[in-house]
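Note sheet for the following structure.
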């Protein structure tokens, strides 16, 4: 049996705005996240974890930020592409785990909605998806509330 794991990491800085996109959910916040696409840091880390497990680079390889067609793009496009690559390579996604690192917004109240949104985008059961959060105890850029970071891990099984 061929089992593959992948890890992804992403960060985005805060900027002007009244919400952030996190794991496919629009979360009200007094600032937005700056990025070439919709800056969904959780979905970007998850997408990179999938590409990593497949040894197919990262989001930038598949969707170059220098290409204007991806300006403002919904991150679900990237995740759907990565899921398609899993199937094309003969794998299935066993499970995934996303950790959002921020002081605010608080993730706990919206984590179930994030799991459901990811399940819908990925076409898998929500019980195969974990979304959780932690803080950096007021240390570093996330502690100073300058942005949000995300870490994701996936496990793939040969179909």
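In case you wondered, yes, glycine gets a Cβ from its N, Cα and C as well.
Given the structure is predicted, the values throughout are model-derived calculations rather than measurements.
Cβ neighbour count for residue 36 (site 'Transition state stabilizer') (all protein chains, 10 Å cutoff from its Cβ): 18. Classification of residue 36 (site 'Transition state stabilizer') by DSSP places it in coil, neither helical nor stranded. Under the heading 4-CDP-2-C-methyl-D-erythritol 2-phosphate binding site, Swiss-Prot lists 10, 11, 12, 36, 37, 58, 59, 60, 134, 135, 136, 137, 141, 144.
Cβ-based neighbour count (10 Å, all protein chains) for residue 10 (4-CDP-2-C-methyl-D-erythritol 2-phosphate binding site) stands at 23. Residues or ranges marked as divalent metal cation binding site by Swiss-Prot: 10, 12, 44.
As annotated by Swiss-Prot, site 'Transition state stabilizer' applies to 36 (among others), with the evidence given as sequence analysis.
Neighbour list (residue 135 (site 'Transition state stabilizer'), Cβ cut-off 8 Å, at least 6 residues apart, same chain): 101, 102, 103, 142, 143. Residues or ranges marked as site 'Transition state stabilizer' in Swiss-Prot (evidence: sequence analysis): 135 (among others).
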Among 44, 59, 141, the one of these binding-site residues whose Cβ has the fewest neighbouring Cβ atoms within 10 Å: 141
Neighbour-count leader, CB within 10 A, binding-site residues: 37, 134: 37
DSSP three-state assignment for residue 141 (4-CDP-2-C-methyl-D-erythritol 2-phosphate binding site): helix
Rounded Cα-Cα span from residue 36 (site 'Transition state stabilizer') to residue 136 (4-CDP-2-C-methyl-D-erythritol 2-phosphate binding site), Å: 25
